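Enquirer: Provided herewith is a single structure, encoded as structure tokens, for subsequent inquiry.
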Amino acid sequence: MTSRPRRRALTAAAALALALGITATSQASGAVPTEDTATAAAVQADNPYEGAKPYVNPDWSARAAAEPGGSAIADQPTFVWMDRIAAIEGSASARGLRAHLDTALEQGADLVQIVIYDLPGRDCAALASNGELGPTEIDRYENEYIDPIAEIYQDPKYASLKIVNIVEPDSLPNIVTNADQQPGATEACRVMKANGNYEKGVGYALHTLGAIPNVYNYLDAGHHGWLGWDSNLGPSVDEFKKAATTSGATVADVDGFAVNTANYSALTEPHFKVTDTVNGTTVRQSKWVDWNQYVDEESYGQALRALAVSRGFAADIGILIDTGRNGWGGADRPAGPGPTTSVDDYVNGGRIDRRIHPGNWCNQSGAGLGERPAAAPAAGIDAYVWAKPPGESDGSSKPIDNDEGKGFDEMCDPAYQGNPRNGNNPSGALGDSPLAGHWFSAQFQQLLQNAYPPVS
Ligand code: BGC
């Protein structure tokens, strides 16, 4: 496959302005469009979401609309997860990739959102979404998964669709934090680090899909409660760059990063800032923040973006934030800051993220829908998206036999008391949950009830 001119050439001033998240109007004076830049701009938009009409997945939509009150949000665009080779073809009960793209055309949509999610040895630090491919099956990943997806994407029939990919949630973050001697490290992640198949697979996906002019790749970058510490963020960006320069990929195949995919971290914490102090003690020392440099996804995403640009990613990359389940509204949402009796009282009393611990990730009790999907909501942010379709389970609360390669992760059992990755805290998961990806009506109901902004 040939590579294409992906980006407008930027003047140094425009590049700097973009790196700092300054909007187009304030940098317009420095940018002199040339013939070359005009052609490239016609090929690829800087932010594919700007002015776009995203595809609404009718399958998710029907499930949402069948729930009491669900029709209020059933017209929202959600990502479609290609979570196994068979998902490409589809089945009698599940629409395949072509069928989704065809339906998008019928809807008059011009943007389709897909999660690329089938790496060898998938989900190495958890069990709920272990995949179908074993740790060494990189050839099958490339030939039976990525290549067929690329073939469909390239069909001229779909040239009018901007196709946005979130590439391989959780994979590279796991290589950074769970594959060495850290307390939460797992043998499965050590194997994937040693064999390099996460980097090879991600690089192959970026390169192969990135060569198609109407495709936009956003590499998954965890969330602030995972990679926000400086000691994780720098190594993460290095790891992203390593994967983005493997298997023929270049940094130009990366249009941005996706944060908070399928997670629950707040978009913004309105009642405390990382720079606040209480009686001389910084909130970074609170138990909840635990020395993290970030307390929410918007600040994390913007910082990640600036760091990635400074380490060689394109100056016009953007961030997607999954806001499907990070609203944290409802009766328990704090109305103002916590008391200043101690730094923990202040943070715990004011934080809207009501999880027991920021490392909890499975079907969180008390969560609500977050911001509705929106284009270009803030500097450097390409879109708020619903990557994890609200109402789809993160994992089963007890073992369930299945042929999807899904394991049972105790983090989905409400009785589980935790492990080093969540500070040995209770899981905070809802009970009676089905397998990952299956419809979980009780969770959907809670998300609707605790939506913030509320659903009217
Ligand atoms: C599951 C996938 C599912 C996706 C979206 C993942 O956790 O492993 O099978 O498609 O969530 O719900």
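Note that Cβ sites are derived from N, Cα and C of the backbone, with glycine treated the same way.
Got these off TrEMBL a minute ago, pasting:
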- D123: active site (ACT_SITE)
- D170: active site, proton donor (ACT_SITE)
- D394: active site, proton acceptor (ACT_SITE)
- W81, D83, H223, W226, N263, W361, K388, E392: substrate binding site (BINDING)
- 400-409: compositional bias 'Basic and acidic residues' (COMPBIAS)
- 387-435: region 'Disordered' (REGION)
- 1-28: signal peptide (SIGNAL)
Enquirer: Over the span of the region 'Disordered' (387-435), count residues by DSSP class, listing helix, strand and coil in order.
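Expert: The breakdown for the region 'Disordered' (387-435) reads 6 helix, 2 strand, 41 coil.
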Enquirer: Would you mind reading off the Cα separation of D394 (active site, proton acceptor) from N263 (substrate binding site), to the nearest angstrom?
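Expert: D394 (active site, proton acceptor) to N263 (substrate binding site), Cα-Cα distance: 9 Å.
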Enquirer: Taking a cut-off of under 6 Å between Cβ and any atom of ligand 1, tell me which of the recorded positions D83, D123, W226, N263, W361 pass.
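Expert: Passing the 6 Å Cβ check against ligand 1: D83.
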Enquirer: Determine, to the nearest whole angstrom, how far the Cα atom of H223 (substrate binding site) is from the Cα atom of D170 (active site, proton donor).
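Expert: D170 (active site, proton donor) has its Cα 9 Å from the Cα of H223 (substrate binding site).
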Enquirer: State the non-local partners of the compositional bias 'Basic and acidic residues' (400-409) in its own chain: residues 6+ outside its ends, Cβ under 8 Å from one of its Cβ atoms.
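Expert: Same-chain residues near the compositional bias 'Basic and acidic residues' (400-409) but 6 or more away: 83-84, 126-132, 362, 434-437.
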Enquirer: Largest pairwise Cα distance, Å, within the listed substrate binders W81, D83, H223, W226, N263, W361, K388, E392?
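Expert: Comparing all Cα pairs, the maximum is 23 Å.
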Enquirer: Which one, from the recorded positions D83, D170, has the smallest tally of other C-beta atoms lying within 10 Å of its C-beta?
Expert: D83
Enquirer: What subset of the recorded positions W81, D83, D170, K388 lies within 10 angstroms of D123 (active site), using C-alpha positions?
Expert: D170
Enquirer: Could you work out which of the binding-site residues (H223, K388) has its C-beta surrounded by the smallest number of other C-beta atoms within 10 A?
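Expert: Comparing Cβ neighbour counts within 10 Å for the binding-site residues H223, K388 gives K388.
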